[in-house]
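*Asks:* Dumping the structure here so I can ask a few things about it.
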Amino acid sequence: MGDEDWEAEINPHMSSYVPIFEKDRYSGENGDNFNRTPASSSEMDDGPSRRDHFMKSGFASGRNFGNRDAGECNKRDNTSTMGGFGVGKSFGNRGFSNSRFEDGDSSGFWRESSNDCEDNPTRNRGFSKRGGYRDGNNSEASGPYRRGGRGSFRGCRGGFGLGSPNNDLDPDECMQRTGGLFGSRRPVLSGTGNGDTSQSRSGSGSERGGYKGLNEEVITGSGKNSWKSEAEGGESSDTQGPKVTYIPPPPPEDEDSIFAHYQTGINFDKYDTILVEVSGHDAPPAILTFEEANLCQTLNNNIAKAGYTKLTPVQKYSIPIILAGRDLMACAQTGSGKTAAFLLPILAHMMHDGITASRFKELQEPECIIVAPTRELVNQIYLEARKFSFGTCVRAVVIYGGTQLGHSIRQIVQGCNILCATPGRLMDIIGKEKIGLKQIKYLVLDEADRMLDMGFGPEMKKLISCPGMPSKEQRQTLMFSATFPEEIQRLAAEFLKSNYLFVAVGQVGGACRDVQQTVLQVGQFSKREKLVEILRNIGDERTMVFVETKKKADFIATFLCQEKISTTSIHGDREQREREQALGDFRFGKCPVLVATSVAARGLDIENVQHVINFDLPSTIDEYVHRIGRTGRCGNTGRAISFFDLESDNHLAQPLVKVLTDAQQDVPAWLEEIAFSTYIPGFSGSTRGNVFASVDTRKGKSTLNTAGFSSSQAPNPVDDESWD
């Protein structure tokens, strides 16, 4: 997306240019009558409805796409609509005319005023998230020209085009038209611009031609990308794609809602028996109670209101380490309280040392930045920070993609001490110079292994290289995750001081033992039938179903609804409003089944999730561990069922056997046979004998038990079993 006029967004009184559209019939030789006011209201609607007159504020013609030169159809059929695309060669040639906005007879877009902003509702006239077109009307049109999603037109992969108004859609081929039941931006049926349902090879809106929306890069004249695909589970930079107008509703402000907390399960007390490994020199001793942390009274009151009475192992070790000012890499099982482990000591320091940011400062300079890979997770961290800082002078702010940039800026300028952000939106805000980095004392990477891999690693390196960002010697850097592969540990050295401490709680990279794991051998074409069978036996118990692709998430959710199983879906192609609505429906029981991609695999803490079903196994074992960690949290028990396809999942056999064995789960004989008949370089045949699945890559460790705090010097580390 181009540069946004955030000053106009912040000032709602600034006037915005609103383009005026003409009637839907062609009136002008070159279609250059975009701003002429109609003589009467009836002028917009007169004349019979024709296929050539596609819609108001729509495309130039229902036949303008699918040709190499869209102008050919216009010149031949002499028809156009006002407010959409003019004549010329703007589309149908795999891109834009000159890849920029132009005016004149051959303009691909109308020209916009420079003071246009996201707050203007007319900004809905533009491209939808996956390449479709919006005309500012959220309601669907009736009749054969019905629009799907939220006004988007596209083919199989988000391009332009609509099925023929005269063709009947085959329900077996097209479960959803364009967005369908779940409002997703992913249709199934491809179609060219002239109504044909067959694929085109050049200028059509189908999968094999034309503009494919978010999945296709558009190269501008300067050689830079105007649009770029976003990674699943993450977000794209706000400098790309259309402007976003969504403003999320504020969270409830009443004290009961702020301090609503997760109920611990019957196995919570078993945490005391988990072994803890601390690596590094001069590690401070662990604490046993919150009182030993010497926190201020307000913070202790908030801890009590939140229902925290007992420390988890990761909290016992991490809190004193952070209070001592040491850099930390902490690895603990899913659902073990890692968020509180870093928030509490950071807040304690800030309240003791005083804060610098306030709403009276023009440039906000937060003391702490917390970065997480997904929007849902970063919002969850913000709610925890707001809870623990309740009644204090510390103000937490959350910013993430999919929401209006102006809204994010307005939240920051009101005062920001702790900034919770996703990488893309954070870099946009820094680029707008709305925050300063000179006062940063704490940098936290949650789900750090994901933040440092190829998905977000470059953005994180850019962050620590930003002007004003204190060097790693002048700030405290904290990393938390349930999995820390060795290569990620090596990358982390660029962010951490050389004397950082490594805390490994229990089975590093291992699954939570409170989750009962079952692996079923199910072929690809038998999965749907098996899924329905399991869900019918489960009943209304809350269940998450994981699939590998966004398209399949919507397809499976639609299929389950047809089977009378209330289901919703969440994935990276859904608008943020839709993602939040889906999570809300699942969280509050309206839809007991949530079909998700990896966007929901990490960090999400949804109470009372009893089942996780891996409809598709992930590509890595680490992702498997994170997925099944959505259940069995805080000492509660859960169940995970995975469908193992012999044709596509053999590469996971050995690491899966190891995870099952380490978590003391039953291993099917057929899975062991596959595992030990498959050679994976670097993988040891033994699945037992090493207490920790992966260890600190440095030397000098002490293994401790959280119950007795006995320590013993561990021998020099041996080569790990590489199973990630």
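In case you wondered, yes, glycine gets a Cβ from its N, Cα and C as well.
Pulled the feature table from Swiss-Prot, pasting it below:
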BINDING   Ala332, Gln333, Thr334, Gly335, Ser336, Gly337, Lys338, Thr339  ATP binding site
COMPBIAS  30-42  compositional bias 'Polar residues'
COMPBIAS  150-162  compositional bias 'Gly residues'
COMPBIAS  195-205  compositional bias 'Low complexity'
COMPBIAS  704-715  compositional bias 'Polar residues'
DOMAIN    530-675  domain 'Helicase C-terminal'
MOD_RES   Ser222  phosphoserine
MOD_RES   Ser226  phosphoserine
MOD_RES   Ser722  phosphoserine
REGION    228-247  region 'Interaction with RANBP9'
MOTIF     446-449  motif 'DEAD box'
*Asks:* Determine the Cβ neighbour count for Thr334 (ATP binding site): the number of other Cβ atoms within 10 Å of its Cβ.
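*Replies:* Taking every protein chain into account, the count is 25.
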*Asks:* If you draw a 10 Å sphere on the Cβ of Ala332 (ATP binding site), how many other Cβ atoms land inside?
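*Replies:* Its Cβ has 27 other Cβ atoms within 10 Å.
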*Asks:* Which chain-mates of Ser336 (ATP binding site) that are at least 6 residues away have a CB under 8 A from its CB, listed by sequence?
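*Replies:* Ser336 (ATP binding site) has long-range Cβ partners Tyr271, Thr312, Pro313, Val314, Val505, Cys634.
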*Asks:* For Gly337 (ATP binding site), list the number of other Cβ atoms lying within 10 Å of its Cβ atom.
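*Replies:* If we count other Cβ atoms within 10 Å of Gly337 (ATP binding site), we arrive at 22.
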*Asks:* Can you name every residue in this chain, apart from Ala332, Gln333, Thr334, Gly335, Ser336, Gly337, Lys338, Thr339, with its Cβ inside 8 Å of the center of the Cβ atoms of the recorded ATP site?
*Replies:* Thr312, Val314, Ala482, Arg633
*Asks:* Looking at Cβ-Cβ distances, which residues of the chain lie under 8 angstroms from Lys338 (ATP binding site) while being 6 or more apart from it?
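*Replies:* When sequence neighbours closer than 6 are ignored, Lys338 (ATP binding site) has Val314, Ser318, Ala330, Ala332, Asp446, Phe480 within Cβ distance under 8 Å.
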*Asks:* Rank the binding-site residues Gln333, Thr339 by how many other Cβ atoms lie within 10 Å of each Cβ and give me the one with the fewest.
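*Replies:* Looking at the binding-site residues Gln333, Thr339, the Cβ with the fewest others within 10 Å is that of Thr339.
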*Asks:* Does Gly335 (ATP binding site) have same-chain partners at least 6 apart in sequence with Cβ under 8 Å from its own Cβ, and which are they?
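*Replies:* The answer is Cys512, Asp605, Gly629, Gly632, Arg633, Cys634.
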